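K.L.:
Annotations per Swiss-Prot:
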- 307-326: region 'Disordered' (REGION)
- ASP712: active site (ACT_SITE)
- LYS787: active site (ACT_SITE)
- ASP944: active site (ACT_SITE)
Amino acid sequence: MSSAQTPLFLANQTKVFDHLIPLHKPFISSPNPVSQSFPMWRNIAKQAISRSAARLNVSSQTRGLLVSSPESIFSKNLSFRFPVLGSPCHGKGFRCLSGITRREEFSKSERCLSGTLARGYTSVAEEEVLSTDVEEEPEVDELLKEMKKEKKRESHRSWRMKKQDQFGMGRTKFQNLWRRQVKIETEEWERAAAEYMELLTDMCEQKLAPNLPYVKSLFLGWFEPLRDAIAKDQELYRLGKSKATYAHYLDQLPADKISVITMHKLMGHLMTGGDNGCVKVVHAACTVGDAIEQEIRICTFLDKKKKGDDNEESGGVENETSMKEQDKLRKKVNELIKKQKLSAVRKILQSHDYTKPWIADVRAKVGSRLIELLVRTAYIQSPADQQDNDLPDVRPAFVHTFKVAKGSMNSGRKYGVIECDPLVRKGLEKSGRYAVMPYMPMLVPPLKWSGYDKGAYLFLTSYIMKTHGAKQQREALKSAPKGQLQPVFEALDTLGSTKWRVNKRVLTVVDRIWSSGGCVADMVDRSDVPLPEKPDTEDEGILKKWKWEVKSAKKVNSERHSQRCDTELKLSVARKMKDEEAFYYPHNMDFRGRAYPMPPHLNHLGSDLCRGVLEFAEGRPMGISGLRWLKIHLANLYAGGVDKLSLDGRLAFTENHLDDIFDSADRPLEGSRWWLQAEDPFQCLAVCISLTEALRSPSPETVLSHIPIHQDGSCNGLQHYAALGRDTLGAEAVNLVAGEKPADVYSGIATRVLDIMRRDADRDPEVFPEALRARKLLNQVDRKLVKQTVMTSVYGVTYIGARDQIKRRLKERSDFGDEKEVFGAACYAAKVTLAAIDEMFQAARAIMRWFGECAKIIASENETVRWTTPLGLPVVQPYHQMGTKLVKTSLQTLSLQHETDQVIVRRQRTAFPPNFIHSLDGSHMMMTAVACKRAGVCFAGVHDSFWTHACDVDKLNIILREKFVELYSQPILENLLESFEQSFPHLDFPPLPERGDLDLKVVLDSPYFFN
């Protein structure tokens, strides 16, 4: 080739591609004199331009890139191999000339190059190959595949680079954390199995078993026999000797991994959902089956990815083999279809498709078989000091037995349970640190939500909503346009992007208390209550009392056992995460749109212990305002009435206890332990430590604070009702209107109840029998007596519910004699309390009744109540009659529940008012979260409690008030009624209840609305 014929892209020819200039010499293949491909390529280019330009909305400048000319890349004088167009130009030997075109125009051109135009172009190429030159088809296919792969790789690289920039990480650090996160999600079971294999080897060679912790020795003892039993099942299936429908599912994972999953899942279920050391077979089987399904799905995905990478490197040899296998399978299926053997076809398809969710029957059968094998192979031996003779006391670790259901609905029905040996049960309390927990806090920011099952964890199954099998809700969510759900996606992403870390100083104190036996700072006692000895008597009364005491002691011990297991799991997560600089909590939501962190054990939605050991990973300078809010926050956590003072009163409380605060920080367990008197002791301790550090600094305002400061709603459900009804009286009671100090709605109701009872007490008992009860209750009425009833009034609490709540409070006080007297007093007090609530919150009660009437009308037509939240989330109430399906498993016949088409009218009616209000408080939190992100304010939230750094509390307070006013400036009730009328045009709905004249903007100036 002469210099005069220098091909395109060399220096003297760059004018043809005026958007790009060369940086490196491109790869150009040698001319092939016998090739007949050049006319075909020229044809393709012309057709691509003429047929695709309009459809793809390509600018004229971009179309110039592909003009066929004597100097074109399709010149007859050379064969040009395309540069990879799937990545940005600057990454493939070209750079942009920003002066040539406007930024917007070039972005369109670049987009065309990186996918849109290429797809239109190559689709035409494929058509042309079919009609003119079949020999070129592999080259076109190769081009297509390479472009697709490169685009996908570049998209992933771009996303990861954005994440690194967004979260302030260097590339190497981010990649290391990413790899660790992938391992946590995909290799935990494999790692545990490898550890057991290694321990078995060490035990055989060095006899290390006695040195293992008790729980780990149990797992190790069960691992090998269970693994061998599973391997035997797998071998029978491979030899064609097993006809069980679950067999091919068990053959998709190694036996050692299945063994580990089965052991840990059953033990985990006993820890979290067990009742006195036993779990229902149906629940345990579905839990184990679900875990196996998820692991198969992850492994299948990773295997496909690995094979794809290997095929790319090996030139597709393995891919050809795979194609042959697929072709063979297709022929076999077609033959069976012709013979009408559809059941055989179904089994083949099920056994070769592991991406689709399993049906409930399969999960139950797989889980039941694995539990059956564990029950058969797992044994336990009593410690030597507990054996009566020289023979070892070896017995099954688990027993499959049956219990009889109690209660009016299922009385007399038997159900299967797996019951663990008392020694296993004792070990459960210490097994948290050895539990395999894939759903941990994430080391990298969660994937952004983009669909029902797209977001959060990198590999673990993640759903944006916990539907609990509610089909209509799931379908409504999947069918909603993505644009409609974008505000919800953004809010959940915002909550998931908050960085957390473990407060090591608080965790150290927690560990010291726990290792010393607990029973401090609301931690459960690690010891059991001793069972009373049987009295040496035949007196029936004494024996009856003894039996009652034994039953009570066992109940207490059972509750303590559950609490100890729960605490152990929380501390296990805290210990695993304590050395991480930062971690993240991916969030999803319930069907009403309330957000929840997905990791189940240690999260900020949990107890005081959880909140005390968690803090923001990012520290921000306190500033003068932040120091003030930190002091107020400490008073709020101390509570005991202090939290009902004005903000200045709370500030004074903290400043009057500085010596106690310093002592708590310096000597939390050796000093006066003032922090233990707080209502939330561990959170109080965390603030004591932070405040001490700040006040001892020469410049307290510059000290970095990691403590989340809470701003809590005042009986938030009633706040939403007051805003809906524009109810001035109700608004004053729940702090929508400004006051000198916070209004206490519970004290307000208690005062009204006391006024009514005083009037009743003055009446003649012969005319009004309740007068005697009123007189006896006068000294019992306080905010605690009525608090639960007021709180649950927003949930539509009934008279019976209120009566039972007040009855429990009265029994705690022991001022009443027999059960009959307590019951009568509770009946009277419940009526008076509900009357006082009706009087104070007339608008709220009217709206509640309207909600109930509308729901009843809809449900009476056997329709579910559904609505769309202000953020665009479709909500469908899931209350349907449950049907049962009997599934025969290898262990027993299980009764699986499933949703029927018949709605539960009463449940649809009673649940609608609280569910609708919860959907509104969820919307308020999400709106606040997104606004905080845009304002640069760190945000975390727990329903009606909003958290941020001390320095940003003032900003948060402005934002949350503005968003509340914005939310209720919408015609929410009008929109709801309109949606009902559009969905059910044949039904008549009652008119909207009358509303008051409250100006919602007063919320903007109310200091105690959230405080």
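Cβ from N, Cα, C; glycine included.
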K.L.:
In DSSP terms, helix, strand or coil for ASP712 (active site)?
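P.N.:
Looking at the DSSP assignment, ASP712 (active site) belongs to a strand.
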K.L.:
Measuring Cα to Cα, tell me the gap between ASP944 (active site) and LYS787 (active site) in whole angstrom.
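P.N.:
Their Cα atoms are separated by 17 Å.
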K.L.:
Can you give me the Cα-Cα distance between ASP712 (active site) and LYS787 (active site) in Å, rounded to a whole number?
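P.N.:
Taking the Cα atoms only, ASP712 (active site) lies 17 Å from LYS787 (active site).
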K.L.:
Would you count the other CB atoms within 10 A of the CB of ASP944 (active site), including those on all shown protein chains?
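P.N.:
Counting Cβ neighbours of ASP944 (active site) within 10 Å gives 21.
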K.L.:
Please state whether DSSP places LYS787 (active site) in a helix, a strand or coil.
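P.N.:
In the DSSP reduction, LYS787 (active site) maps to helix.
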K.L.:
Please give me the CB contact count at 10 A for ASP712 (active site), counting all chains in the structure.
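P.N.:
Excluding its own Cβ, ASP712 (active site) sees 15 Cβ atoms within 10 Å.
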K.L.:
Quick one: give me the count of other CB atoms within 10 A of the CB of LYS787 (active site).
P.N.:
19
